[in-house]
Amino acid sequence: MQIIHTIQELRAWRKNAGTVAFVPTMGNLHEGHLALVREAKKRADNVVVSIFVNRLQFGQGEDFDKYPRTLQQDADKLEAEGVAVVFAPDEKELYPNVEQRYNVEPPNLQNELCGKFRPGHFLGVATVVSKLFNIVAPDVACFGKKDYQQLAVIKGLTEDLNFDVEIVPVDTGRAEDGLALSSRNQYLSAAERDEAPRLYRELKAVAESLAQGSLDYAGLEKRAVQSLTEYGWVVDYVEIRRVDTLEVARAGDKKLVVLAAARLGTTRLIDNLEIKLP
């Protein structure tokens, strides 16, 4: 396995690399990331994993500086999975100008759901993913469904900007108690970690009500928020939306997703659950 730090070197490698499946990450890899790598391996001759903590997608007061950087441990895990290349550029390599002059802005989604609480986040995501697609030139790219809004943004920019890459969504990896795997779970105290699976349980309760025919979307959302709040969560949102586009759900929609974001102590957790109605 090669660890490549420059765009020039990666492009030289890419010329003779056959088909490439790509998994972009910010490092600090866990089993959820490795599931993406395993899916990528099924789909191309070579797998490239990028590791880059992207300042542009962190808001003021977020955890950019304390976000764990664990390149050597990550590289060891990826080598064991048979990855061909780890692309680990530094900030100057990916953003040579102090200020990025041109950005990719996803207007329809950047101010909704997580975007409402993290201004500029999805502009940062869309910009860095566009840059990485141009550098890596993958045939396939794998993204986890845990970051559902991010996945929707990336699907949209891939279609609208004509990137020649197949986007492969991969199911959310979960701990045995249902908690979605996330690098931020390590910030939870022992008591918070015990409480954290409640977020997924609330999503399942909403899904169950929808499956039983409830059309009171606002009422279901409100009950989930109240339940989480009672147990000490600070809830950003619980919302029922249309799958893929994330448009507001309407009565009669058959493919739905319920999404949630909430803070437990100082840690912000997100999760979602897709629902197909008969």
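Using N, Cα and C of the backbone, Cβ positions are placed for all residues, glycine too.
Its Cβ placed at the centre, H33 (active site, proton donor) has 26 other Cβ atoms within 10 Å. Look at Swiss-Prot and you will find H33 tagged as active site, proton donor, backed by sequence analysis.
If you take the C-beta of G173 (ATP binding site) and look for same-chain residues 6 or more apart in sequence within under 8 angstroms, you find H30, E31, G32, A35, G144, K146, A180, L181. In the three-state DSSP classification, G173 (ATP binding site) falls within coil. According to Swiss-Prot, the feature ATP binding site maps to 26-33, 144-147, G173, 181-184, an assignment based on sequence analysis.
Note: Q57 (beta-alanine binding site) has non-local neighbours G120, H121, F122, L123, G124, V125, V128, i.e. same-chain residues 6+ apart with C-beta under 8 A of its own C-beta. When secondary structure is read from DSSP and collapsed to three states, Q57 (beta-alanine binding site) falls in the helix class. Summarising the annotation, Swiss-Prot assigns beta-alanine binding site to Q57.
Other C-beta atoms found within 10 angstroms of the C-beta of Q150 ((R)-pantoate binding site) number 22, with every protein chain shown included. If you look up Swiss-Prot, you'll see Q57, Q150 marked as (R)-pantoate binding site, on the strength of sequence analysis.
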Cβ-based isolation winner (fewest other Cβ atoms within 10 Å) among the binding-site residues M26, L29: M26
Residues satisfying Cβ distance under 8 Å from S183 (ATP binding site), sequence separation of at least 6: M26, N28, H30, Y67, P68
Neighbour tally for K145 (ATP binding site), based on other Cβ positions within 10 Å of its Cβ: 18
